[in-house]
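Everything on this sheet refers to the single structure shown next.
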Amino acid sequence: MSDVTTAPRAAPRAPAMAMRVKVALILFALFAVLPPVAVALGDPFMVLIATRILAYAIAAMALDLILGFGAMVSFGHAAYLGFGTYAVAILSSYGVNDLLLQMLGAVVVSAAFALVTGAISLRTRGVYFIMITLAFGQMAFFFFISLSAYGGDDGYGLSSRSTIFGSDVLENDMTLYYVTLGFLIALFAACHRIVGSRFGRVLTGIRENRERMEAVGFPPFRYQLTAFVISACITSLAGVLLANQAEFVSPAFMSWHRSGELIVMVVFGGIGTLTGAIGGAVVALLLEEWLGALTHHWPLLFGLILVLMVLFSPRGITGLLERTGLWRARK
Amino acid sequence: MTNLLVLQLLNGVQLGIILFLIAAGLTLVFGIMDVVNLAHGVLYMAGAYLMATFAAATGSFWWALLLVLPGAVVVGLLLEVVVIRRLYDRSHLDQVLATFGLVMMANETVKIIWGTSPLSVPMPDIFSGSVPLMGPLQYPVYRIAIIVAGLAVAGGLYLLVNHTRIGMLLRAGATNRAMVSALGVDIGKLFAIVFTLGAVLACFAGAIVAPILSVDTGMGESVLILTFVVVVIGGIGSIKGAFLGAVLVAVVDTLGGVFGPILLRSVLDASAAGQAGRTLAPMLVYILMAAILFAKPTGLFGGRG
């Protein structure tokens, strides 16, 4: 399925990558100064919205790892977001409030689910893969809808946020924001390392030419499944943070619309760039906020933008910027 | 117990027929055009809303049904010409995004035009009663009519696909698109016909279930995912697979919801069985899909990977 990729080819990669890291660092710096600016503007609620954006940025980046670098269009990634949110709800109801333990729970469940469903989905390719991941995502969605102990369809309000080593510092919105930002930066560094590693190169190689990689002696299935599981685990971490931001969990976090939105974020920023996924999450969510403030029929406009973007600027916002010369990622 | 089984089996078959009508178009669009169309559920929804509108305007079920069909052709052609046509030679990712955008637009447009409260469509008088089946068991005539109408359409589709020139082109297109094109067939026209045919089938399905469902904006989506499962199980591009897959999925879904808790009650206590049954029943079709894919990655009748 090399037709999915529009990312730059391997040869001119290194400078483009350095450029992307630079842009990511600028983004992180902007994120870091946002809370004081928000307070100065007298709008501390902005920090809460920004926390949500950062959490989604983590999820979008995780999806980009397999979508952009592995050409696996997973349409069920919201399920892992959901596992993360429900890990917080379920574990805290049993008295396990520690953020790291909840993350551990989310990762274990997500890894198991991704391993089984990924192994089945990866036996197929192309259209089948998209539809099967979507179906498995829905399966998880229906499971949580019928889980009446945790509110079923209506969702479940959290009595408090997670604790870190017994301290309730996350109750402060500002702390939660910086912890989320910390995870985003750490996970970006991890993803960046993965992409640049031998493993990442094999993954990209399979994307470019599956048969050749197989002939050279790299079994695609094993590499793709590993990437799929890693991506699922990172996405579930985003879910844990998101539950803390919203202090509420519900199956809505894992509906197929959410999976679609994650793909939209990745594509908005240009696939296979990691940095683009972060920028895409920011743009997509801000666009939603802005259109939502404009009219309550915002999905109509959002959908229209999506259709027009696919028809006229297939390389996302990066592509638009490149065309106008503001961004030269391909150099 | 037998009565309940027969009743639920019939309900399952009825749902299966509806799923088949939607899945038949979807599987052709996937198989022949290689396009992922998330907006196919929208067509089913459009059929139901058009039916509700026409039924309210004309006061007659039959006139409404007659008007839905040209309406479906218009909607299908419009969608094909404006958006889908531009997606044929694009990646699956682009197709997913564009049709996802269409779903958002369509749902919101429906809300703007028809509002958010569900609509209902009156049943035609001659189909409104129930018939005795066996013993005290009664079954609504209208559901039987749906099954019969669906089987008739399936039969017609079988004749169309297997015994006409256009059907021959469809089958050839599903097997090897490039070759059909190379042999001088106007592939653009063929695609438009396929897409419109699928749209008409989905609209028809939406129109005939409208009297037994409440017509609302979410209806296209719940059914879309189930038809995906049907298409994946049956094998992409296979109408026969879509038919078997649809009936299989619908019967498993319907029976699982009713008999799952009953069966579990024999091994668990009542409340645990009820909870486990409610949790497991909606997952059954996906487990079925996983099992079938594990054995046959391209589905029951799928040729291509």
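In case you wondered, yes, glycine gets a Cβ from its N, Cα and C as well.
Given the structure is predicted, the values throughout are model-derived calculations rather than measurements.
TrEMBL assigns the feature transmembrane segment to one of the listed ranges (A:18-37, A:298-317), namely A:298-317. Sequence-distant contacts of the transmembrane segment (A:127-150) (same chain, six or more residues past either end, CB-CB distance under 8 Å): 72-79, 82-83, 86, 89-90, 93, 113, 117, 120-121, 156, 249, 251, 254-256, 259. Sequence-distant contacts of the transmembrane segment (A:176-200), counting only residues of its own chain at least 6 positions beyond either end whose CB sits under 8 Å from a CB of the stretch, comprise 17, 21, 24, 28, 31-32, 34-35, 47-48, 50-51, 54-55, 57-58, 61-62, 64-65, 69, 99, 161, 164, 170, 223, 226-227, 230, 234, 237, 241, 244-245, 274, 278. When Cβ-Cβ distances below 8 Å are used as the criterion, the transmembrane segment (A:52-71) is approached by residues 1-2, 4-5, 7, 31, 77, 80-81, 177, 180-181, 183-184, 187-188, 191, 194-195, 200, 203-204, 206-207, 224, 227-228, 230-232, 234-235, 237-239, 241-242, 245-246, 262-263, 265-266, 269, 271-274, 276-278, 280-282, 285-286 of the same chain, each at least six residues removed from its ends.
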